[in-house]
Amino acid sequence: MNIYMVLSFLQIPNQHNAGAGGHQPAVFRMAVLDTDLDHIFPSSVLPPFWAKLVVGLVAIVCFARSYDGDFVFDDSEAIVNNKDLQAETPLGDLWHHDFWGSRLSSNTSHKSYRPLTVLTFRINYYLSGGFHPVGFHVVNILLHSGISVLMVDVFSVLFGGLQYTSKGRRLHLAPRASLLAALLFAVHPVHTECVAGVVGRADLLCALFFLLSFLGYCKAFRESNKEGMYSSTFWVLLSIFLGAVAMLCKEQGITVLGLNAVFDILVIGKFNVLEIVQKVLHKDKSLESLGMLRNGGLLFRMTLLTSGGAGMLYVRWRIMGTGPPAFTEVDNPASFADSMLVRAINYNYYYSLNAWLLLCPWWLCFDWSMGCIPLIKSVSDWRVIALAALWFCLIGLICQALCSEDGHKRRILTLGLGFLVIPFLPASNLFFRVGFVVAERVLYLPSIGYCVLLTFGFGALSKHTKKKKLIAAVVLGILLINMLRCVVRSGQWRSEEQLFRSALSVCPLNAKVHYNIGKNLADKGNQTAAIRYYREAVRLNPKYVHAMNNLGNILKERNELQEAEELLSLAVRIQPDFAAAWMNLGIVQNSLKRFEAAEQSYRMAIKHRRKYPDCYYNLGRLYADLNRHVDALNAWRNATVLKPEHSLAWNNMIILLDNTGNLAQAEAVGREALELIPNDHSLMFSLANVLGKSQKYKESEALFLKAIKANPNAASYHGNLAVLYHRWGHLDLAKKHYEISLQLDPTASGTKENYGLLRRKLELMQKKDV
């Protein structure tokens, strides 16, 4: 129903060319249109405040269902396993680490430098008192709502141009068009990944500061100087600063400088490509006196933007340290194709898929890699039609944007295409290889351009038809269907199981989808079903080493050691630096009593990952089995040096020293461990055993009772406390805890035997008393 209004406003020609004296006629004509269309769009909704309120509430409704969702998919690595969120990590480390908490200087770093986004995660963690996802999700939903509200102002500039009152207040000359476009943006289902997935915070923050930078740049033209040109160095510099902030939230943010330049040259500078081409062809001497070339203010602003962008890129490159990240063929297969033609065709096919996701956001998937989109290897592939359709539409729009004689139309199409294309450039593979095929999250900013073009298209369609109500019904239908899709998709992002299973119908050939479903099932203890999905992942991608590793682990736990060894051996042959697979191979070989091979596998794991405490722990277990006690203790000590809270390594050291009669050393290690991990009941239990053997009964008793308080259902804790009381002479207490232990574990033979000895001793004592 909003479209008739949009059409009518779009019919006003060359609105952006109006000078200061032309404000009143423009406002007057718009007011007449509002009166004519009051029965379609209630006037109470049109003031900016009400328009923004409606857009903000609609945006919240679309994604509110995700507020109580879990941490899913990439959230685990970027948030739950990211030590940069915790107070123990100095704030300064955020500026030296990537988005996932790894040092940027590391060869394994993804080089995604987003310290401000990680800082907001850290604040969330602090305010929530831990990893409670509700607070993280609520912030994301509110950010999207705020950005959608901000879009009302952005679209007002894009559709209505820049006109200010004498007091410097910008006029809202396209209230209905900006409201419609903002609603289309707020309810677009492709945004679900950014809003419902917590790691999408990077895209949301980037978009927020991107838009603030654009609006700040617009304010540079609020006042006129003596030459009649608009300029404000402060606002240009502020815009560059906000662009830098956007880039520190996500790399895509730097593209706002390019968009500002396009806006300045083609809209503010009124650079008409058609006119320039005609003058060049006719060798018109007036070309030398073009206003843009003589515009000192424009050249100064371009110099500032260029210098700011170059400086930001230089600093960013220096921070990256070791160069760009290294991606594998499964991440982006087209970029590894030998033929430049094959690469070009597939890149363009990916662009057409992104365009289709904007047009028809029905088939959404959390991951589009690993066979989800097979490579186009020949121009005879029918999918080439999608490329032709994309470029046919783009070329048509570009020609209209640059060559149309209608200045109003030229401005809208230029800025629509600018918002559509420029923010997408970092994900286009044109400048560097990216680590994905298609990613819905990178469409958050480009969707602004899509909404501009769609709104303009509805207006153009309305202009050539008398069925205004039909078009209004279509628009309303699109908004309602998209809202429903957002609600459904938000529900799918609430848990990993729903998210992963929703991808099966979209990308059934994606090995990563099957892998993630298998991992989710394995985490829930359903190993049989997990094996089935892991096998399918390996079948779809015979080089999928992570699926082989996880499948090998499950087979190891099910004692199917021979197949587990074969899978893990294949994984390390495919990827020789896969440290986790080397370690797991060592565990399997140890279980097969192939000790030399196991030791070699552990050593290879440590070679490829020097700081690998779990591998040192397993190596220590191997040495303990071989009675190489000194080597075992050294290995476990290395594990605790690398990971001071490694409880299993501390426990094994205490137990080994205890079993070999080194009670004093065992006691010293136990006390050291409890200082580092004071609430670990297993360490309390092990140290209590040592103290009991050293006849330090009182201290041993206190530790046993503390361990039992922390874990009251551990039969061994009660059984060993009973042994302590038995030695100490507190026979009634010994009897009590023997009985509790046997209630918890009736099959414990040692406890049964000790309890029998105690009962016979008590019976003899009773007979003596009689």
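Backbone N, Cα and C atoms are what each Cβ position is placed from, and that goes for glycine too.
Not measured: the values here are computed from a predicted model.
Positions annotated as domain 'DUF1736' by TrEMBL: 323-395.
If you take every residue in the repeat 'TPR' (511-544) and average the pLDDT, you get 93. Residues annotated as repeat 'TPR' in TrEMBL: 511-544 (among others).
Counting residues of the repeat 'TPR' (545-578) by DSSP class, helix then strand then coil, yields 27 helix, 0 strand, 7 coil. Here TrEMBL flags 545-578 (among others) as repeat 'TPR'.
Feature annotation from TrEMBL assigns repeat 'TPR' to 579-612 (among others). Look at the repeat 'TPR' (579-612): DSSP puts its residues at 27 helix, 0 strand, 7 coil.
According to TrEMBL, the repeat 'TPR' annotation covers 613-646 (among others). Secondary structure of the repeat 'TPR' (613-646), assigned with DSSP and counted as helix (H, G, I), strand (E, B) and coil, comes to 27 helix, 0 strand, 7 coil.
What TrEMBL lists as repeat 'TPR' is 715-748 (among others).
The list of residues near the transmembrane segment (141-161) in space but at least 6 beyond its ends in sequence, with Cβ under 8 angstroms from a Cβ of it, reads 9-10, 15-16, 48, 51-52, 55-60, 63-64, 66-67, 170-175, 177-179, 181-182, 185-186, 191, 194-195, 201, 204-205, 207-208, 211-212, 214-215, 218, 267, 408, 411-412, 415-416, 419, 448, 451-452, 455. Residues annotated as transmembrane segment in TrEMBL: 141-161 (among others).
The transmembrane segment annotation in TrEMBL covers 198-217 (among others).
Per TrEMBL, transmembrane segment is recorded for 229-248 (among others).
The transmembrane segment annotation in TrEMBL covers 254-277 (among others).
Positions annotated as transmembrane segment by TrEMBL: 298-317 (among others).
Look at TrEMBL and you will find 384-403 (among others) tagged as transmembrane segment.
Long-range neighbours of the transmembrane segment (415-436) within the same chain, counting only residues 6 or more positions beyond its ends whose Cβ lies under 8 Å from a Cβ of the stretch, are 110, 158, 210, 251-252, 255-256, 258-259, 262-263, 267, 324-325, 327, 331-332, 334-335, 343, 347, 350-351, 354, 368-369, 394, 397-398, 401, 442-443, 445-446, 448-450, 452-453, 456. Annotated transmembrane segment per TrEMBL: 415-436 (among others), in sequence order.
Here the transmembrane segment (442-461) has long-range neighbours at 3, 6-7, 9-10, 151, 154-155, 158-159, 177, 180-182, 184-185, 188, 190-191, 194, 200, 203-204, 206-207, 210, 252, 255, 354, 357-359, 397, 409, 412-413, 415-421, 423-424, 426-427, 471, 474-475, meaning same-chain residues at least 6 beyond its ends whose C-beta is under 8 angstroms from one of its own. Taken from TrEMBL, the feature transmembrane segment applies to 442-461 (among others).
What TrEMBL lists as transmembrane segment is 470-491 (among others). Long-range neighbours of the transmembrane segment (470-491) within the same chain, counting only residues 6 or more positions beyond its ends whose Cβ lies under 8 Å from a Cβ of the stretch, are 1-4, 40, 58, 61-66, 69, 180, 183-184, 187-189, 191-192, 195-196, 361-362, 364, 458, 461-462, 498.
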Helix-strand-coil residue split for the repeat 'TPR' (511-544), DSSP-based: 27 helix, 0 strand, 7 coil
Among the ranges 229-248, 254-277, 298-317, the one whose Cβ pairs under 8 Å to the transmembrane segment (198-217) are most numerous: 229-248
Within-chain partners of the repeat 'TPR' (511-544) [C-beta distance under 8 Å, separation at least 6 from its ends]: 73, 330, 365, 367, 369-372, 496-497, 500-501, 503-504, 550-551, 554-555, 557-558, 574
Distant-in-sequence neighbours of the transmembrane segment (229-248), which means Cβ under 8 A and at least six residues beyond its ends: 113-117, 205-210, 212-214, 216-217, 219-223, 254, 256-257, 260, 268, 295-298, 300-301, 304-305, 308-309, 312, 316
DSSP residue counts for the domain 'DUF1736' (323-395), split into helix, strand and coil: 36 helix, 0 strand, 37 coil
Secondary structure content, the repeat 'TPR' (715-748) (per DSSP, counts of residues): 28 helix, 0 strand, 6 coil
Long-range environment of the transmembrane segment (254-277) - Cβ separation under 8 angstroms, sequence gap at least 6: 16-17, 161-162, 210, 213-214, 217-218, 221, 230, 239-240, 242-244, 246-247, 287, 290-292, 295, 298, 301-302, 305, 308-309, 312-313, 316, 402-405, 407, 410-411, 414-415, 418-419, 422-423, 425-426, 445
